[in-house]
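To start, the structure itself, in structure tokens.
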Amino acid sequence: MSTLNNILYFQSVLGVLANMFLLFFYTVIILWHRPKPTDLISCQLTFVHMVIVLTGGDLWLTDIFESLKFENDFRCKITFYMSRVMRGLSICITCLLSVFQAVTISPRTSLLAKFKHKLKTYTIYAFFYLWSFNLSFSSRWIFYVGAFTNVSESNQMKVTKYCSIFPKNYIISALSSTVTISRDVFLVGVMLTTRAYMVIILFRHQRQCKHLHSISQPRVSPEKRATQTILLLVVVFVVMYWVDFIISYTSVLLWKYNPVILTAQKFVMNAYPTVTPLVQISSDNRITNILKKIQSVRHQIF
């Protein structure tokens, strides 16, 4: 168990640092440079992922709340509520990013091309609706999460050291589960469709430009590298998201959380927010160019 906790701590530290670096980069690009149409969405997604890592593992905010001497019940409610909101925003904004990337790379002859010049306007409206929906939809958890007590332990499911989930009304539970599952299935379906469309477009572009690349100097083309990045992120997201969902849903049905399973779920929940910034940092030419310049300056000084 201690080994799992150490792995979870390392993953959390790596996730927070990577997302902080990426958030700083996107903020600088948006405020002082010429951003890409999808940079604002990527910046929001990076912020969401950083909060997920901070709240999902129950490792950081708990210590902060303890130092501020907040009551257990309050910190359980706020931490769990933030975790649920950010989890919903993660899948929503990831889907939004997939759609906007598909629109951005679509050829001029496609039906999606006419939406390119309105991307910025659509982004602002989309953010408003996504944040409003997730903040309101996840508010139900405030009433069903609280500090763990020794009284009537069978009527509460312990999810962290201090916090528990209390039973919900059957109708409310069934309704919220139906809405959540429907939302997730729809968004994942849209995400997979747009990603598949992007892979097809990039593959066609690679074939058209193949004659421009030298045969004597074989190298991975930008299109192939972009395709590999897209597929990697899609596979990681879909696998980790649904593993997390299955563990959560099964635990609620059985009304029991094994401590090892709970720790493993936290690792799965933080996997995508940790992997995504690392992949973005390594695949974004703007970041790699900046890092190369910093490295060259460092070599000149020393």
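Cβ from N, Cα, C; glycine included.
The following features are taken from TrEMBL:
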type	residues	note
TRANSMEM	12-33	transmembrane segment
DOMAIN	18-280	domain 'G-protein coupled receptors family 1 profile'
TRANSMEM	45-65	transmembrane segment
TRANSMEM	85-103	transmembrane segment
TRANSMEM	124-143	transmembrane segment
TRANSMEM	185-203	transmembrane segment
TRANSMEM	229-249	transmembrane segment
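Stretch with the largest number of CB pairs closer than 8 A to the transmembrane segment (85-103), among 12-33, 124-143, 185-203: 185-203. Per-residue pLDDT, averaged along the domain 'G-protein coupled receptors family 1 profile' (18-280), amounts to 77 for this model.
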